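Report on the following structure.
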């Protein structure tokens, strides 16, 4: 199997950039010339040109392709269940019972459909595999537009997600420390600053990153992440049921919050919370790339089995968490999500060890998610080295690359600890189009269904609705920031 992604206007030869750097740092990209003679082994690659299959065998995303459906399930669960699901009851508080369930169901089916599109686009023609989302975008939309549309979303959903994981896990570790070491105890006087918690998490994540060289090798890490993610989601909604509802819980939306611009903005922000709860589409092609594929057993079959199993489990986490969370706390749920609501209303009558276990599982889930979301960035940085030096990254270079990336994400987390407040705005520009829009237009561009046929009309309509929603979510996020302000606590986590 070979990876070819850019449609070439000059049909006499195929000259392809193997990868596109997501940073503005200038460097010279070495291209791959894949001629029929070279493919048949007639002549070696010309001097200065890297052999495609050899270069792929050096990179973390394509170094190992002996994965299985089970490993794909683990990766999908680890990347698909994140701390964003804790905010789903907040969306229900603005939408109400009926519209909350309807919007969550539509978003779930929508993102499942776009996942199906990506799985089937992974091998657009027999013998060709698109393992990186940027390559798929270039293949579908051309070199210029493809880069323009895909670079920022992929950057944000890789590096930006790692930054958010540092911020979330650092806060979770601090809460765990405060629960275990109450005021008046010996360890209670030894509390750490937010920056120190961020540093502890980053060091743990980077130590683990050094132990696993490629995406396929982190299956055991993803197993741990899947167990802990399912664990803390289930514990929160199960404990919320067992503890009962606080007094004076209501489910009605105040008139002031459902009329005028305020009501419109609240509805859009709630829809944004639901849409951003679904994540991991930027890793679908990469995860499928770890599976073996041939003409008799294409990877799309085993990948789709993994998608169906994993998304059934994801649905069993998301829907109970959203529905039970709204049932338990109604319009009393704070903007910080269901975990904050549980500790606020039931923290006194719940064992601190039970609450501590939730925070432990949340922290472990963030550590494991960091590994899979950082892998595309590791792959890109190693490509820069391998293509320029024309050899595999030595162990010390690979370790240095991962330390460098960890240092950058740590610095951004410390410098912008309020990044979570900007998530609806940035997510509307990056995550929503990548998850709900781009796959639809990619299908039209690559598969070229009959104009005005069923698939053509479906994808054009769904993609167009996604664009409109993305623009509305951006407007709503800007309006909310203008209305409530932003506590930009630079370098003060």
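Note: Cβ is positioned from N, Cα and C throughout, glycine not excepted.
Copied from TrEMBL, the annotated features are:
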DOMAIN    66-480  domain 'Amino acid transporter transmembrane'
TRANSMEM  72-91  transmembrane segment
TRANSMEM  97-119  transmembrane segment
TRANSMEM  145-167  transmembrane segment
TRANSMEM  194-212  transmembrane segment
TRANSMEM  219-239  transmembrane segment
TRANSMEM  259-278  transmembrane segment
TRANSMEM  306-329  transmembrane segment
TRANSMEM  353-378  transmembrane segment
TRANSMEM  399-419  transmembrane segment
TRANSMEM  425-446  transmembrane segment
TRANSMEM  458-479  transmembrane segment
For this session: For the transmembrane segment (425-446), name the stretch out of 97-119, 194-212, 399-419, 458-479 with the most CB-CB pairs under 8 Å.
Result: 458-479
Problem set entry | In contact by Cβ distance (the transmembrane segment (194-212), the transmembrane segment (259-278); 3 or more pairs under 8 Å) | no
Exercise. Does the transmembrane segment (306-329) reach the transmembrane segment (458-479), going by 3 or more CB pairs under 8 Å (6 or more apart in sequence)?
Worked result: no
Exercise. Hey, which bits of the same chain come close to the transmembrane segment (72-91), Cβ under 8 Å, at least six residues off its ends?
Worked result: 100, 103-104, 168, 215, 218-219, 221-223, 225-226, 229-230, 233, 236, 269-271, 273-274, 276-280, 283, 287-288, 290-291, 302-303, 306-307, 309-311, 313-314, 317-318, 321-322, 325-326, 329, 333-335, 337-339, 341, 362, 365-366, 368-369, 372-373
Problem set entry | Same-chain residues at least 6 beyond the ends of the transmembrane segment (145-167) whose Cβ lies under 8 Å from its Cβ atoms | 20, 22, 133-134, 136-139, 198, 201-202, 205, 279, 282, 366-367, 369-370, 373-374, 376-377, 405, 408-410, 412-413, 416-417, 419-420, 423, 426, 429-431, 433-434, 438, 493
Seminar exercise, completed: Beyond a gap of at least 6 residues from its ends, the CB atoms lying under 8 Å from the transmembrane segment (399-419) belong to 159-160, 162-164, 166-167, 170, 194-195, 198-199, 202, 205-206, 209-210, 374, 377-378, 381-382, 385, 393, 486-493
